[in-house]
Every structure is written in structure tokens, then in C-alpha cells.
Amino acid sequence: HPHQATQMSNYCLNILVFVTLQQRDPMLKRDCFEDILEERRNSSDLKYALRCYAPVLYKGVTPCKANMLKNIVLQSDQLHYVINQVSQESGEAPDIIQEEASVILEEMAHRLQISTVRCFAFALSKAFKTLFQHVCVNEEGIQRLQQAIQEHPVVLLPSHRSYMDFLLMSYILYTYDLALPVIAAGMDFMGMKFVGEMLRMSGAFFIRRSFGGDKLYWAVFSEYVKTMLRNGFAPIEFFLEGTRSRTCKSLTPKLGLLNIVIEPFFKGEVFDVNLVPVSISYERILEESLYARELLGVPKPKESTSGLLKARRILSEDYGSIHVYFGQPVSVRSLAQGKVNRSTYNLFPRHIPRKPMEETQSFVNDTAYRIVRLQEDNMVLKPWVLMASLLLQNLEGLELSVLTEQTVWLRGLALSYAAFLDWPAPTAKVVSSSLALHRGLACVSGDRVSLVVGEPLGPVTPEEALFNRAVSVLSCASYRNQVLHVFLRPAMLAVAMLHLSDEVYNCFSFLWDMFSNDFILCPGDTVQDFEEACYLLVKTGAVQMPQQDIVMTDIGQPTLSFFNGLLEPFLQGYQVVCRYLCEEASEGLTEKQYIPAVRSFAVKLILAGNLRCYEVLSSDMQKNALAALLRMDAVRKVKNRMISHINQTPISPSLSLVAVAEDLYRDGLTPSYIR
Amino acid sequence: MASDSNSSESQRIAQQRLRIIAGHLQKHKDDDSGTIATECKAEANKGTVPRKRQEIMKWNGWGYSDSKFLFNKKGQAEFTGKRYRLSGMVLPSLQDWFENTFGASVNHKSPATPALNASAVPPASLNEAFVEDLKATGIPFSHEAEDRVFRAHGHCLHEIFALREGKKFERVPDMVVWPNCHNDVVKIVELACKHNVCLIPYGGGTSVTSALECPPEETRCIVSLDTSQMNRILWIDEKNLVAHVEAGIIGQDLERLLNESGYCTGHEPDSMEFSSLGGWVATRASGMKKNVYGNIEDLVIHLKVVTPRGVIEKSCQGPRMSTGPDIHHFILGSEGTLGVVTEVTMKIRPIPEYQKYGSVVFPNFEAGVACLREVAKQRCAPASIRLMDNEQFQFGKSSFKTLPFHLCKGIYIFKGFDPHQLVVATLLFEGDRERVLQHEKQVYDIAATFGGLAAGEDNGQRGYILTFVIAYLRDLGMDYYVVAESFETSVPWDRVLDLCRNVKERINRECKERGVQFQPLTSCRVTQTYDAGACVYFYFAFNYRGLADPVHTYERVEHAAREEILANGGSLSHHHGVGKLRKEWMKESISSLGVGMLQSVKDYVDPDNIFGNRNLL
């Protein structure tokens, strides 16, 4: 196969790959952490909340009152243009539309007040000290951020795993005397009456979750964000992932806000924009079991103040530590160099809203993926993450000594793949303290460690028992998922080697494509990722590459089998979805019906003893699988109804989805590989 | 300076009469017997530019040999000579400004090579047959090293730097010819075609686009065609207010001679002391007072151009024609690639009755630009209106402080203005007295709405005095490890501020990245206003101590600055032209189809690339 041949010769150039990995991989230069709670435990919180707070701003601008900001937005050419447009289309007088815009802005805008911030600083100090052992921040990152804020407008892009994220961000910036960010928050927070207003006064602004065709809303919103950015009044903060990831895997980035904050650079309105990826890692996530239930179809509780307070009471236990890593600021100007020709913006008035050009769109998309990968790279992984990965491959439980031994082994593997591990003590100690912290998920009885299955309260139906078990598995999986970004590429290669050893690249590329809704795989990086996978597996001695072949080495079996086990739930999940669509789905299946239907299909399989994979019950996986099938044109949407084409769709000359699906399903991976 | 604002009306008229009489007397005295064509003899009048330019002008710097800035033994700056209003004056605080701005020191000198080293000049490779035929025409020529080197460069930084360093020249013209009239040029071009000789027209030599650089790959004999002796006003038509002028005349001579007859062109580019009419046409020049008189393309009524295919000219002098695309526009901006402009009929105006300078200070650059925009919107721009940024204000403050006139005397009164933010606009009004005063009020009223405060006539005038001496300052800088250059662009109004900010920032950043040890000076001014935009002029200088190749560093930074300009909606050039310096961006600027259109004209007019300076395309 000629393509494969070139691939082979390409990845034989290990040195080259190594260089690119080093460029991307900050492992060797990661900063040290400081625990900011330490000082809080030793000095007065009140003093801390009332201390002098005088952050430096962008080029020394004077802070802008929230009202002044609103006026600038309402008087902008950009907004006036859209107001007139909407007025012409709707026949309403411009004054009325202007009034509407003003209402939208009122609903949206932040009202940052230092007194509220101080209240939060006080309350959060108290709360954090009870909830967490440590809140660790890389101070070098803070210093870089401080520098960046003075030079160019800054956009903070934290990962999103918990409600805690933005409170934590503001708390840290306040602690280090940095300018407080204005934060794009989902409108659902506003439902929490008192808290919503508090958040607003601590710098949050609220956006509707969807406003598809609402031109005026979009105009007010984008102009509001751009005004803050252009004038550098405050760093802007939002979540690229759009929502909290319920699975702890990074989510496919959303591009709307990123487009808005990058556009002023392309239009020459600012010299540069600095994007600062922030990785927030929780040792234990507050929403842990909430998320699992949500994924299993128990609807998400509407955010309400009393709910949060209840949660607060429930959560008054040990949540371990938090690590917050402020990444290297990424200059949009440097990123765009040679990729986007800014002069294409010269021929159109800048105040008229315009759909971004293709070149720009793909740049923004690319940038979003890179930033999310940077977030992943700097996520601190706790020992429990590795232990959870091992436990999930041994659902029946395993000996504590074996677990410890395998954890040591896995740690070595993870380190050689540049994982950012926090290993505060010798492994045996770390294992026992992790088990203690996560006693809700794993239990030690005698010498055996196994997943905790929710305590049965009285007699339960088989379905209820199944769901209880699923909650444990999904909660545990949310920890395993944190390490996936480290192992993903070699793991896909391992799977490819197992299934199509003579067309490894093609199989890899197929998996890569199929899983690109589930994992962060930068568009167009297939070859690079393949090379990286080869490089890493060779580096750890798991495979050899004599001439144009990839073969497992004598010592490679444990690694490859671990990797196969790691991806197995995903493969099985996708297979179940394929099977459902092939065997059960009626022609007129709607999107709404899809999830419950797949779920009950899977429940049936599990109860019948034909399936042991609980993760397929996760709506996240079901959605991703469907999205992948739609993207790969195996399924088509006709007026909101799915039409399956799985049986006819050839995916590549030698592979068809159905073949792969059947193959993956029939072999079931584990039995043939792991003994 | 066309007239003195302080002189009263009667004095001015008397002076003008005297000048006219003097002009008449001169006419009969000078009779150049070297010219052959009868029409050339008619009004023989030696201009200020001799054939041996190096006799009065610097061979390795700007302007007249007798005029230069230097730090005297006391460390004070002074300007030598007698030609300028600043001449002979001491500028005590310039040293502070210079040392503080650049981190330079008057003790660290980087002196220039004192004289041209003839051995650094490649020997002339002459086309003997051409020389023989040329001799027969009697047109004077030279192949002396000094003459050739003088015409091998313009005034780009790298050109002057190389001269000062005494670097070996890669390629210079092999000879210089001095045609005396249109017919001489026709003969030279014919001979060049006959013998396949490369011609490079040379006017005032003030190019800043590497346009005069000889292409190093040119193997033919290169002949520099110096138009300086074609410098007569052939006739003045007072009924239609046009003058027919030989294209070699330089700006100051043209204005002076027309003034003798009571007229002016009003075309005053900052280089007008040295640049020539033909050069203005060839580069699409712009004059300071274009708001009243127009740019060169507005002033030209008729052109005579000698090309390898023959002479291009229109058959009438109608003020506007609908006869297809205007062929003048192939010539305007052709940068010597198509032929030699020999004669130009251009508009003239009676000398304005009254001139008045003015100035306004604004709290910041944003306010100043907003005011200029409004002035342009109301179409009430004075003859000239220029907005200097704070860096230039700081410079002006230091150079004029403690002089008989104090630029900033008045400005300090404006309390509440941050001296590190405020900017100054300089104004020049022209016309009849009453209208000027009316106009002045209108402009000051607009300025007031943008927080601008009138800062007096003197301050305005001083701004314009600086215009002509500022080019001399670069030579002073180069004596002390400071390199400097200027570049310009035109940009739509709404992008002026963004462009200025981003270009300055880009320069600072590039300097840092390229190892410049000292903070560079970046400064800009808005020098022209149009209905739809403005012309912005940048100055950029830095102390190059510690750099291995300052010129290369400088060029990379300028390159980056130009990219930034283009990315921010600025043009490739407003009036300097493209030359060879900016050729690489032509396709991007005018599309490859556009380049193709120009190329096809070049191919038709000059198939053998006789005019082989390789500018533009």
C-alpha cells in the first residue's frame, strides 16, 4: 500500500517526531505549585478579604465603570448597524429596537463590585478550607499572566469540570492581585436568584444558551465582549468546552466566543490577543455522582440556590486537592502568522457583521483544539486516575498488592508519555490515601479492592441494580477519562495492530476519525498523531518497527493489552450503537427517541448477559457515537429522522463501517487478547 | 516657504516686482552655448543644479554640503551654513533629546568615510559604438567615478549607510549624460535602442525606494540620464493658467521662476528643494498644499515622454477627456520604466494674496485624528494640515527650546493636557485675506469641539521649517550610531488610529526580537487628509550599537512594518512609490491581473527593456 509505505518511512524519522513532540510537550518545563490555602490557614480571612486590592491593567487603562461600558456598547457603530437592519426587516422603529438592545444588555452585563468580590473572597476562603486539602497554583504562570495582562488583551480559557471553576478562577486572581476577569456564564445561573446576582457582581455576565437566529442578541453580545477586549478593561474568561464536561474528558470546543475574541485582532483593532489556557484538576469532583446520574438519564437538577446549599451541606467532606495550572499565554498574532491574511478584512467596513471567512474559520477551529490540548497537557493527574483505569479493567476486583504493583507500572508508563502526575508520597501510601479519599467508589475488603456498588436499600429490581452498578462504573470512568489524553494515540495504535495488523495505518485512521467526537483530536492531525503513537510505543519498547512493519515486542504485551482494555468500553459502546441501528432502529427514529431506545437496547443486552460494558449506558457516549456515524455518513438525518446506511456505506476502499463494527463486535477484543 | 507671513501687503508686491525685473535681466546674461537644438536656446537659464552635483551637494548624505547638523565642542547641536532659517543657530537641548531618546552619546562617534574611494567603484564598462555616436551629437557626458557614484543611489538608509561606510559598489552607472532639451533625449533614446544600452533616468536623486539602484544583473552598459540641465520654463499661458516646463527643473527653481511672473504651482513636496518635475510625474508625487492645488496627477495637463517606441503625447490640452483610460496614468508612477518625461504642461495659480500659519494642540492623538477627520468631512481643510504625534511634539520642543522662537511657549499654558499625550496640528492657510481669516475660524471652531486649543501662528510655522531640515538630522544620527528612516502610507479614516498603533507596536516588537539594544523611536504624523482617508508618515530610528549588521536589521524591521501596514488596510505607498524596495508586494496590492496589465504596457512600449531600472514590476 503506497500510502502506508510513505507513512512508514515518515515515522521512522523518530528524531523529527521527537522534536515536534518536545515543542508541543511542556513536560520538561512545567512549573512548580504553591498552595494558596496554606496562607489562608495561618492568617485572618477577614483581613485578606479587606486588604488593598489594586491590580495592574492593560497598558495602564483606568478601570471602566459597568455603566460606562454599557454606554460604549449601545453607542457603537456595530450595534447601530444591526439595530437599523433589524428595524428595516421588522418594521419596528429603531428606537424600539434600541430599547430592546438595552434590555438585552441589562440582562447580560456584569456589575462587578469590589465589595461583592470581597464577600466572596471571605466566604470562599472558609469554604475552600473545609472542602479541600490544598489549592495549588503555579506561581510562574501567574507571573506570566500578570505580564501578559499589561501587554495585550487577555482571554482566560479554563477547563470546565465543575461549577467551582469560575469562582475558583476569580478567587485565585484576587489572591494574586490580578485584574478580575469578566466571565461568560450560561443564563441558567441567573435562575439562582440571589447567587445569580452575586455572581454578576463578581464579574459574571450571562448569555443565553442558544440564540441561533437572534441577530440583535448576537450583536449586543459580541459587541459587549469586544468592547471589553478592545479597551482592555478586564481579562475575559470563558469555557471553550461550552459546558461542564460530565465525563471529565475534554469536550469538543465551541467556537462562537473564540471567534468573537479573535476578530478584533484580524480587524486590526488590537495588536494582539493573548489566550491563556488554564487547567483545573480536581482530585475529587464535587459533582461526581450527579454527573453519572445525569449521563444515565436522571435529568440534571435545575440550578437553584437551595439546591446549591443542599449540595454544600452534602459536600462538606474531603475533596482532596485542586491543581490550577496557568499555561503559557498563546499569542493569536503568532498563531495566525502565515495562516490568515488579515488584509482580506480591508475591503469591508469593520462595523458590519460578517460571517468569518473559511480561512479564518479553520484557523479558529484549529486554535480552539490546540488550546484544549494545552489544557489537557497541563492537567495534573492524581494516582487515583491510574488506579481507576486499572479497576475498570478488572471489574471483579483485584488484590491490593496487585493493584499497587500495577499502579507503579502504569505510573512509569504514564511518565514516559509525559503525563503530569502528582505523586506526593511513596506509591503504597498514595494508593491507600487515594482509596480512602475515594471510598465512595472503591472498597477494600480483606485484600481485595473492588468498585463499590451503590448500597441496595431494600429489594431492588434487576434494572435498579444495574443502574446502581452503572453509577459506580461511570463515576470511576470519569477518573480514568482524565488520563485518556495521555494514552489515546498509542492506545488507538494498539487496537489497530490487534485488528488489522496488515493495514495498521488505515485502521488507526479509521479509529481516529470515528473517535474524534469523543476525544480531542485536532483536525488534520491524523498522520502526526499516528507518528506520535508509533514513536511513543517504540520509545517504551512495546513495539518494534523493522523496515515497513509494526510488531509487538516480547515485553510489549502488558502495555498493548492495557491499551486495548482502555479503549474497549468505547469500542463496545460504538458497536452497541451500530448494532442497535442495524438490528432494531425503525426507519423513522427521531433524535429524541434515540437515546432512551439505545439505552434500553443496551440494558436488555446486559441483563441477558450478552454485554458487560456499562459505559454504553452513558448518553454522552451514545451522542458521540451517533454524531460520528452522522459525520461519517453512515447515518443520515432526514427532517430530524435518522436513516441508517451502515450496511451500505464504504468508509475507505478496504474498510466499511459495518465490517469494522462487526469485526470489533464479534471479537469483543478482550477475550482474544487479555488472558 | 513661498512667502513670509509677516511682511505686509505692499512690501510683498514690491519684492515681487523686483524679482520679476531681476529675472528679466538674468535671462540675457546666461546663454548656454552647449545646447544645439534651437528651441533649447530660447530661454537658457542655468538652474541651481550643476552637472557636477557633488560640488554643492553631499556625496554621502542629504542636501547641501555646507548645511549640516553637528555637535560642537561644547556638545551643543548647531546647524551650519546660511541657507536655512535654522542655519548658524545653536540648539542647546537637542543633545539631551538625542541622548535620552536613543540612549546614544555624543562621545560615541561613528564617523563616515571622508571621501569617495575611487577604487571601490567598478570600472565603467562602456559601449564604444554608443559613445562614438553620442559624441557626434555633442551632448555632454562623463564616466568619472564621482559622477557615476552620485547617480547610483537615492536616499534609502542602506544606500547612504553604504556610502558612509565606504563599501565596495556592486553596480553603478557606466556613464552619465546631460541632455539639454527634449530633442537631446530623443537622440539619446534612439542611440540606446540602436546599441542596446540600458538607460536610467535621473532627476533630483531623492528617491527612497531603491529606484535608482542599478540592477546588479544588468550586463549592458548602464547610462544614467541626468535631466538636471533641462530646467527651463518654456512658456506661461496666463489665459489658461498653465505653464510648459522642462521636466528636469527642480521644485525650488520652478517655484522661484514662476513667482517672478507672479505665479506658483503650489506643488510642494517635502523634497522640493531637490526633487524634479519629471520625478514627481514618475512617482505620483504629492505636495504639502495639495488641498488647494492638488497632487501631481491633478496638476498635469499635458506630458511629453520619450520612449523606445517614440514620443507619447496627447494632441490637445483639454482639461478633461473621455478618450478611454487616461494614458497619462501609464506615465504617472511609471518610475522610469517606460521612458523619460521631458516636458510637462501644468496648472499654475497666481501667488496667493495672503498666507497664514496656525497650530492647534489636542489632548491626545485620538482627538487630533478625530478633528482632522471632521475637517476632511466638512471639506474645509486648509492648504496644509498635519498632525504630529507626541513623540514629534517632544522632538520639536527640544529642538526649539531656548531658541529665539519657542515652539512650546504657549503650549505649557494648556493645563490639564498630559505632556506625554498631547499632540500638535500645524496649519497653513492660503488665499485672500478675508477668506483666510474666515477659514481659520471655521477650522479652529471644529478643533475646539475635539478639545483642541489654538496654539499660535509661530508654532505652526516652526513645524513647517522643521520639514526641510529634518532630512539633515538623519546624517547627524548616523554620526552617532543612530539609523533612521521614514515611510508612508494612505489609509481609510476609520483605520488610521489602529494602523498607527499597530505599526508602532510592531516596530518596537521587531526591534526587540532582532536584538536592538535600545528602545527605538517610532513616531508618526498624519500629513494629508482626503475625503475617504489620510496619508500617514512614519519616522523610525534606533541606536544600533551592538548590532552586527544594523542595515539588515533595519530592513527587516521596515519590511515587518510594511506588512503590518498592509494587514491594517494601509496602501503600499501614498507618494514615495514602489521602486525595487516594495516590488514584492505589487501583486498583493494591485492583483496579478493588474501587474499583468502594467507588464503588457511595458512590453509594448519598451520591448528590449532599454529603461531597465527594473522598478515597479
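From the backbone N, Cα and C atoms, a Cβ is placed for every residue, glycine too.
Going by TrEMBL, these are the annotated features:
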ACT_SITE  B:Tyr537  active site, proton donor/acceptor
BINDING   B:201-207, B:283-286, B:335-341  FAD binding site
BINDING   B:Arg474  substrate binding site
DOMAIN    B:169-351  domain 'FAD-binding PCMH-type'
SITE      B:Arg386  site 'Important for enzyme activity'
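Distribution of TrEMBL features across the structure.
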residue	record	Cβ within 10 Å
B:Pro201	FAD binding site	29
B:Gly204	FAD binding site	25
B:Ser207	FAD binding site	29
B:Ala285	FAD binding site	27
B:Gly336	FAD binding site	28
B:Gly339	FAD binding site	26
B:Arg386	site 'Important for enzyme activity'	24
B:Arg474	substrate binding site	22
B:Tyr537	active site, proton donor/acceptor	21
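Ranking the recorded positions B:Arg386, B:Arg474, B:Tyr537 by the distance of their Cα atoms from the Cα of B:Gly204 (FAD binding site) places B:Arg474 first.
Of the candidate recorded positions, B:Arg386, B:Arg474, B:Tyr537, the one lying closest to B:Gly339 (FAD binding site) when CA atoms are compared is B:Tyr537. Looking only at the domain 'FAD-binding PCMH-type' (B:169-351), the predicted model's pLDDT averages out at 96. Taking the C-alpha positions, the distance from B:Ser207 (FAD binding site) to B:Arg474 (substrate binding site) comes to 15 Å. The secondary structure of B:Arg386 (site 'Important for enzyme activity'), as reduced to three states from DSSP, is extended strand. Here B:Tyr537 (active site, proton donor/acceptor) is positioned 27 angstrom away from B:Pro201 (FAD binding site), judged by their C-alpha atoms.
If you compare Cα positions, B:Ala285 (FAD binding site) sits closest to B:Tyr537 out of the recorded positions B:Arg386, B:Arg474, B:Tyr537. B:Gly336 (FAD binding site) sits 30 Å from B:Arg386 (site 'Important for enzyme activity'), counting Cα to Cα. Spacing of B:Arg474 (substrate binding site) relative to B:Arg386 (site 'Important for enzyme activity') is 21 Å (Cα to Cα, whole number).
In the three-state DSSP classification, the residue listed as 'substrate binding site' falls within a helix. DSSP assigns B:Ala285 (FAD binding site) to coil in the three-state reduction, outside any helix or strand.
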